[in-house]
């Protein structure tokens, strides 16, 4: 008889922590959860706190909290004052010096939410990578989620970094985001930017593809149930497919003359279109951060200036942009003491 004598391998601290993090529980934690849960919790908590109690009087001269009479659509956590520049506005930093009230007044909550929100989104993306690896599937969900991360980082961080201060980023609120959109249009003519056009095409195209795909699958289910919905006929363990790709292909071939014949290509296309839209719009925002111009049809502007009877939709929009700038610059940045001479104020029959 042979007796094998061996030592149990000692499990280090890393192995113990790894086992605990990956334990099967109702809400999976994982290594990504160390980044995701604290940052997401703090970002959400900061936003609820700011919209409930914190004023924007000292940064924008506005009321922005429920305490001041705002509602869900008008409440916001506003960006720091322009004088703060690109400071991280740490609570213990030279601006607030540990004073929480002063920190809120100068816009510290916005920097807090923006930075923790960015890390929270990155943590959620890493969570999808981690779970995909543990389950044994490919990480396309995480790759797709890179689109929202790119948009958040470009709009809330990179754009104001290219401008004078965090002041020019969007505030965290519904009406505040709308104001930021008007700002982008007035100061950058954003709607005529080709990267914005590609972004719109990607997002709306993705919504259209989603609707078409869902309707087509519902139309070609192999077996319909006798209940009020179609889920009764589906079982998670069935070996056959739920709907007929062949029938769907024939249907769209008759309508368009061409149709997807391969499920992999079809679903990759549905992944690619909206993600490409998000990424291209993010690239466009980085261009705006650097004050790059897109389409300026100067010849039309010159002709419209010389000929009062010549006007295009482009020249009308340029006049609208001038109006936005003349109002928003003085209204939003009173500390700059902007004074606009009469010749730059909106004019012409477009307004």
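Note that Cβ sites are derived from N, Cα and C of the backbone, with glycine treated the same way.
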Swiss-Prot annotation (transmembrane segment) - matching range among 109-122, 151-164, 165-178, 179-192 | 151-164
For the transmembrane segment (151-164) and the transmembrane segment (39-59), decide whether they are in contact, meaning at least 3 CB pairs lie under 8 A, counting pairs 6 or more apart in sequence.
-> no
Local backbone state of residue 260 (plastoquinone binding site), from DSSP in three classes = coil
Cα nearest residue 116 (chlorophyll a ChlzD2 binding site) among binding-site residues (128, 141, 196, 267) -> 128
How many other Cβ atoms are found within 10 Å of the Cβ atom of residue 213 (plastoquinone binding site), counting all protein chains shown?
-> 16
Sort the binding-site residues 128, 196, 267 by C-alpha distance from residue 213 (plastoquinone binding site) and give me just the closest.
-> 267
Run through the Cβ atoms and count how many others sit within 10 Å of the one on residue 141 (pheophytin a binding site).
-> 15
Can you count the other CB atoms that lie within 10 A of the CB of residue 196 (chlorophyll a PD2 binding site)?
-> 21
